[in-house]
Amino acid sequence: MNPVPAQREYFLDSIRAWLMLLGIPFHISLIYSSHTWHVNSAEPSLWLTLFNDFIHSFRMQVFFVISGYFSYMLFLRYPLKKWWKVRVERVGIPMLTAIPLLTLPQFIMLQYVKGKAESWPGLSLYDKYNTLAWELISHLWFLLVLVVMTTLCVWIFKRIRNNLENSDKTNKKFSMVKLSVIFLCLGIGYAVIRRTIFIVYPPILSNGMFNFIVMQTLFYLPFFILGALAFIFPHLKALFTTPSRGCTFAAALAFVAYLLNQRYGSGDAWMYETESVITMVLGLWMVNVVFSFGHRLLNFQSARVTYFVNASLFIYLVHHPLTLFFGAYITPHITSNWLGFLCGLIFVVGIAIILYEIHLRIPLLKFLFSGKPVVKRENDKAPAR
């Protein structure tokens, strides 16, 4: 087995937590954006729409790179079956917990907010199933994708490790140009697959489980594997943690292209295929921007940072129904979009932290929302003297 570095990657922990917590301003700004969501303000805000688009354009690509990095690190630490079990428990248990406790109540609330409760009995069995798939998975989709990726990587990581044993990894060289070409080709390949499905059988693209399990996994798997390779090859990791003006400039241009596609593209034409190509390369370049920024400013340990690193998943899980509640019942009473956005942040973050502190004091909830069994310390077991 390859040795696992003893030094903790504090900046990667921090970046992962910040990317998770960015989901809060992302969804609150979605209320005030020009994008149609479950709940929207009376008038959209141009700047909050731009802010929302910026977060959406790169956040999950970078997140899956970090997930792949830590996943391969644990792959080297545990036997294969235990690695799969630990990884699936860490993401699967919180997902299964959040469905009845968070997204089901959220779905029921939205049925009444949007006036759809009366029409529910009239839906076909498939429409009910598909609606529940979209609404109950909801913002938990990335956890489902991680379960699928972990299962696929039982084979992929084994192949990578076997290939490394038969080759000299010190001779592997990477360049951002080469990676950009590879990810451009991957983006085009994904676009071709999506367009082919759209031509052959379009209804499957509106199927919630197919979207999450197949399409989302297919798009984000290259970033997950890229993270694993960054753990294996120090040169590749250094390529991402070293600031690059070229990547910053390219990412800025790609974001402009993303905005233009959002504004002028058509869903009936090539909008989604174009977006997949843009966000594939944009995500790669933003890995460099985010990693280099985080490596310079976040590579340290502190109690406050550790608190939010540990709390980030729970806060993310509970923020979504809180955001929708705020949008449905409080947003209509605030005339200013920016004031509403700030009030939403205070409302959602404040309640989420309170709920986090409460759940820490209930062992069952602490286990269910983390997937980690409660381990008693040896000192707790020792008899009093």
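Note: Cβ is positioned from N, Cα and C throughout, glycine not excepted.
Under the heading transmembrane segment, Swiss-Prot lists 17-37 (among others), citing sequence analysis as support.
The transmembrane segment annotation in Swiss-Prot covers 60-80 (among others), and the record cites sequence analysis as its basis.
Counting residues 6+ beyond its ends, the transmembrane segment (91-111) has Cβ neighbours under 8 Å at 38, 117, 120, 132, 135-140, 143-144, 146-147, 150, 313, 317-318, 320-321, 324-325, 328, 367-371 in the same chain. Summarising the annotation, Swiss-Prot assigns transmembrane segment to 91-111 (among others) and lists sequence analysis as the type of evidence.
Under 8 Å from some Cβ of the transmembrane segment (137-157) lie the Cβ atoms of residues 23, 27, 60, 63-64, 67-68, 71-72, 75, 80, 84, 87-88, 91-92, 94-95, 98-99, 103, 106-107, 208-209, 212-213, 216-217, 220-221, 224-225, 228, 316-317, 320, all in the same chain and six or more residues away from its ends. Annotation source Swiss-Prot lists transmembrane segment at 137-157 (among others).
According to Swiss-Prot, the feature transmembrane segment maps to 173-193 (among others).
Summarising the annotation, Swiss-Prot assigns transmembrane segment to 212-232 (among others) and lists sequence analysis as the type of evidence.
Swiss-Prot lists 239-259 (among others) with the feature transmembrane segment.
According to Swiss-Prot, the feature transmembrane segment maps to 274-294 (among others). Within its own chain, the transmembrane segment (274-294) has Cβ neighbours under 8 Å at 11-12, 14-15, 18, 57-58, 60-62, 65, 176, 179-180, 183-184, 186-188, 190-191, 194, 219, 222-223, 226, 239-244, 247-248, 250-251, 254-255, 257-258, 261-262, 265, counting only residues six or more beyond its boundaries.
For the transmembrane segment (311-331), the list of distant contacts is 16-18, 20-21, 23-24, 27-28, 31, 37-41, 94, 98, 102-103, 105-106, 109-110, 113, 138-140, 340, 343-344, 347-349, 351-353, 355-356, 359, 369-370: same-chain residues at least six beyond its ends, Cβ to Cβ under 8 Å. The feature transmembrane segment is assigned by Swiss-Prot to 311-331 (among others), with sequence analysis given as support.
The transmembrane segment annotation in Swiss-Prot covers 338-358 (among others). Distant neighbours of the transmembrane segment (338-358): 24-25, 28-29, 31-32, 41, 45, 48, 311, 314-315, 318-319, 322-323, 326-327, 330-331; these residues of the same chain sit at least 6 beyond its ends, with a Cβ under 8 Å from one of its Cβ atoms.
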